[in-house]
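Here Swiss-Prot flags Asp217 as active site, proton acceptor. Under the heading ATP binding site, Swiss-Prot lists Glu89, His90, Met91, citing a curator's inference as support. The phosphoserine annotation in Swiss-Prot covers Ser20.
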Amino acid sequence: MEELLRRELGCSSVRATGHSGGGCISQGRSYDTDQGRVFVKVNPKAEARRMFEGEMASLTAILKTNTVKVPKPIKVLDAPGGGSVLVMEHMDMRHLSSHAAKLGAQLADLHLDNKKLGEMRLKEAGTVGRGGGQEERPFVARFGFDVVTCCGYLPQVNDWQEDWVVFYARQRIQPQMDMVEKESGDREALQLWSALQLKIPDLFRDLEIIPALLHGDLWGGNVAEDSSGPVIFDPASFYGHSEYELAIAGMFGGFSSSFYSAYHGKIPKAPGFEKRLQLYQLFHYLNHWNHFGSGYRGSSLNIMRNLVK
């Protein structure tokens with residue numbers, strides 16, 4: 001690994017440090033180089049490059065908003081012996097505690113960033129001879145992302161769609177249900193999904209949804225803080241409904257009331273929020289079912305039963 005990093009990063013010295021870590025999907029280790037300390041994530045799977053390229057694109061997109069801190073990605077490389085590695089900036093992080101409210105506010109800023117870009121473009125359209133100079137980020141009017149991103153190790157279909165309800169049903173829930181059908185042929189799950197599809201449009205009546213750049217997998221294990229404030233990492237980004245972000249945040253804990261107060265101070269709950277939150281949690285329960293097995297079947301079916309009532 002040291003030789004690979006020396007060659008690919010153009011470093012003269014690379015040395016492994018004592019810092020290592022890992023999650024459910026990949027392992028990581030820090031290295032000291034003459035250009036600074038880097039963190040290297042390693043995954044041996046054949047499809048790891050696609051996963052890491054999606055993560056790199058996600059981190060890059062979040063960085064450009066200048067809203068919430070993420071590690072700066074450096075390069076995706078083929079790993080010696082198979083799989084891939086993602087090299088990124090090393091950050092000294094600790095458990096999120098004193099900066100929860102700041103994270104709530106900054107996450108709302110991330111979700112509002114594209115909306116503000118759109119408002120700015122509209123204003124500029126009526127202004128003659130405005131000064132250029134800085135690179136312009138375009139307003140994103142559709143739902144999706146330029147590359148495949150992975151929530152866990154399963155790829156997400158990010159093809160661009162005009163309509164959020166169509167995007168969410170076809171490109172988030174349907175692929176998960178297809179996997180459930182292929183693996184277990186669970187008839188009850190499939191029948192509930194057929195019934196739920198007819199109900200979904202009712203949950204979005206009279207709701208205007210402007211595409212928001214999402215982290216995409218914001219549970220307590222993917223947030224931390226350093227001396228300057230909150231940090232988020234391991235994203236699976238796409239442009240979607242801001243409410244989607246809060247689904248997995250509420251499933252496994254790790255976020256205090258101050259986080260939610262700060263967030264909703266900037267993005268208030270719209271009518272029907274609680275039911276839509278269940279619909280968004282359904283994706284994550286199905287995704288866990290497909291990753292880790294039928295221990296998540298009961299939660300998946302309960303949500304569908306509640307929503308088809």
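In case you wondered, yes, glycine gets a Cβ from its N, Cα and C as well.
Feature map: Swiss-Prot annotations on the structure.
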| residue | record | DSSP class |
| --- | --- | --- |
| Ser20 | phosphoserine | strand |
| Glu89 | ATP binding site | strand |
| Asp217 | active site, proton acceptor | coil |
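In this structure, the CA atom of Met91 (ATP binding site) is 20 Å away from the CA atom of the residue listed as 'active site, proton acceptor'. Put simply, Glu89 (ATP binding site) is 20 Å from Asp217 (active site, proton acceptor) when counted between their Cα atoms.
Listed in sequence order, Gly36, Val38, Phe39, Pro71, Lys72, Pro73, Ile74 are the same-chain residues at least 6 apart in sequence whose CB falls under 8 Å from the CB of Glu89 (ATP binding site). Annotation for the recorded positions Ser20, His90, Met91, Asp217: lowest Cβ count within 10 Å of the residue's own Cβ, Ser20.
Other residues of the same chain near the ATP site, with their Cβ within 8 Å of the Cβ centroid of Glu89, His90, Met91, are Arg37, Val38, Phe39, Pro71, Lys72, Met88, Asp92. Between the CA atoms of His90 (ATP binding site) and Ser20 (phosphoserine) there is a gap of 11 Å.
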